[in-house]
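*Asks:* The structure under discussion is supplied below as structure tokens; questions concerning it will follow.
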Amino acid sequence: MKGKFLKVSSLFVATLTTATLVSSPAANALSSKAMDNHPQQSQSSKQQTPKIQKGGNLKPLEQREHANVILPNNDRHQITDTTNGHYAPVTYIQVEAPTGTFIASGVVVGKDTLLTNKHVVDATHGDPHALKAFPSAINQDNYPNGGFTAEQITKYSGEGDLAIVKFSPNEQNKHIGEVVKPATMSNNAETQVNQNITVTGYPGDKPVATMWESKGKITYLKGEAMQYDLSTTGGNSGSPVFNEKNEVIGIHWGGVPNEFNGAVFINENVRNFLKQNIEDIHFANDDQPNNPDNPDNPNNPDNPNNPDNPNNPNNPDNPDNGDNNNSDNPDAA
């Protein structure tokens, strides 16, 4: 696969694909096909203020053979009030790799966790400390919520280009999900084709560390695959895809020129993976009384009022149950 060359100014940068790292003046190969879902743990959890790389040595990360997918619908506009509402957890990422410093995007979804792409974390070459995150970044001179250094990486066990990154607290002992409110995830029960969406992140064709939002519609949806008609470029890798309720419905990975951009859709399989690995991740319906995952739902097996819960005093399998039919009860006949 031949690399595409991109002109670089002091503020704009080159690109990384699944098979090709594109920079000026030469292209270097980098593969991100590994599907290892075992966590990569750093040797130390000590947090220091991350060094911020500026200027033209930055290279946006992108997926598949292309990521600079500017479609006829090129409704991109800059977000300057980055600390407000659902924009606050959108995060600027730098990866300090042996071959250079790369930029990407992500979204905070837990007290100490962020979602991005597998091909973004692959650029760390197994060293989580190489990945730095700057939530709500305004520009390369203004990081209102500071920076955080990764300590553990967990890749999605399925085919989707998705990864979880866990961070150490900062020097003030604050976690990344404490300086910003984590994003709310959609249960995606009502997500369908033709719905309005936005992709928000840090594209590499714009001034460094500036947040941009693209607007469009879903054009395809099946399994973990979601496609849409809005425009993105390298650096948008890992950007959250929001629905009209400002809930995260997917994580952007890249696209195909003149055709579509795409994301990992948060379907049931992805949702289960996230819940298994992020204890405090919040989905929009978690608090609903009929949600089986809600601990207050009497049908939740962990609810002590559930008659099937062995800790329920009325459960005949509970040794504290006074039912004489329970042979484990010392008061049983």
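Any Cβ shown, glycine's included, is placed from N, Cα and C.
Swiss-Prot lists 1-29 with the feature signal peptide. The region 'Disordered' annotation in Swiss-Prot covers 33-61, 283-333. The compositional bias 'Low complexity' feature in Swiss-Prot is assigned to 40-54, 286-333. For H119, D161, S237, the entry in Swiss-Prot reads active site, charge relay system. The region '11 X 3 AA repeats of P-[DN]-N' annotation in Swiss-Prot covers 289-321.
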*Asks:* For H119 (active site, charge relay system), list the number of other Cβ atoms lying within 10 Å of its Cβ atom.
*Replies:* 27
*Asks:* I'm trying to understand the geometry here, so how far is the Cα atom of D161 (active site, charge relay system) from the Cα atom of H119 (active site, charge relay system), in Å to the nearest whole number?
*Replies:* 7
*Asks:* Taking the Cα atoms as reference points, how far is S237 (active site, charge relay system) from H119 (active site, charge relay system) in Å?
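*Replies:* Spelling it out, the Cα of S237 (active site, charge relay system) and the Cα of H119 (active site, charge relay system) are 8 Å apart.
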*Asks:* Would you mind pulling the DSSP three-state label for S237 (active site, charge relay system)?
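*Replies:* SS state of S237 (active site, charge relay system) = coil.
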*Asks:* Taking the Cβ of D161 (active site, charge relay system) as the centre, count every other Cβ atom within 10 Å, in any protein chain shown.
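*Replies:* Result for D161 (active site, charge relay system): 27 neighbouring Cβ atoms inside 10 Å.
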*Asks:* Just to be sure I understand the packing, how many Cβ atoms besides its own are within 10 Å of the Cβ of S237 (active site, charge relay system)?
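*Replies:* Excluding its own Cβ, the number within 10 Å is 36.
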